Amino acid sequence: MAVEGGMKCVKFLLYVLLLAFCACAVGLIAIGVAVQVVLKQAITHETTAGSLLPVVIIAVGAFLFLVAFVGCCGACKENYCLMITFAIFLSLIMLVEVAVAIAGYVFRDQVKSEFNKSFQQQMQNYLKDNKTATILDKLQKENNCCGASNYTDWENIPGMAKDRVPDSCCINITVGCGNDFKESTIHTQGCVETIAIWLRKNILLVAAAALGIAFVEVLGIIFSCCLVKSIRSGYEVM
């Protein structure tokens, strides 16, 4: 039995919210992938709580997209079971998002500590492993930084001359530009702080997006419950 009257308006608004859920899901996946790429470059393959956060963000985004699809099918067919499933899953997603937000706040300092520890370890292998050298050079080029804390970290690397830094530290990169360098010709800020700043900006972005998504999800739960009640009333009449 088709819904009537005010429920048609609720059903239409639910469709709009479902489209918003899809957009939010894509946004979460994109942010999670971006953070994961940075972590992959700067942190070793050791699994830690901090390094798992972007994976959880991606998983929540993918699950939200799936739930939005279930809700769309339920609203379109006015299926009682699908709408109940949609409301329950949407509530679970909200709980996970709260948990992720809390974990992100709790482990914010641990992520930076992991950066520093991993970067220092990889710097020790810069002259021994070409793959490591390529990763660090790319990281320094893309983030306009040099070393872990600052450019002087390279002085403690075995085999590295005291007056030399990798060419990737140079502002204008040319072959051999890191030899006999001047502070004015290289990036002096360390990569750990540079990347930490990038992560803080994006974590704030995620937090702001999460608040917006949570508000939309609450509306989604309310509208879906209204639609479920209307569908159930229709069945009872039949």
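Keep in mind that glycine also has a Cβ here, set from the backbone N, Cα and C atoms.
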Swiss-Prot: matching membrane side for M7 and S149: no
Correct range for motif 'Lysosomal targeting motif' (source Swiss-Prot, candidates 39-43, 104-108, 234-238): 234-238
Distance from N116 (N-linked glycosylation site) back to N130 (N-linked glycosylation site), taken between C-alpha atoms, in Å: 21
Residues in the topological domain 'Extracellular' (103-203) grouped by DSSP into helix, strand and remaining coil: 60 helix, 6 strand, 35 coil
Other CB atoms, at most 10 A from the CB of N130 (N-linked glycosylation site): 10
Secondary structure content of the topological domain 'Cytoplasmic' (73-81), with strand meaning DSSP E or B: 7 helix, 0 strand, 2 coil
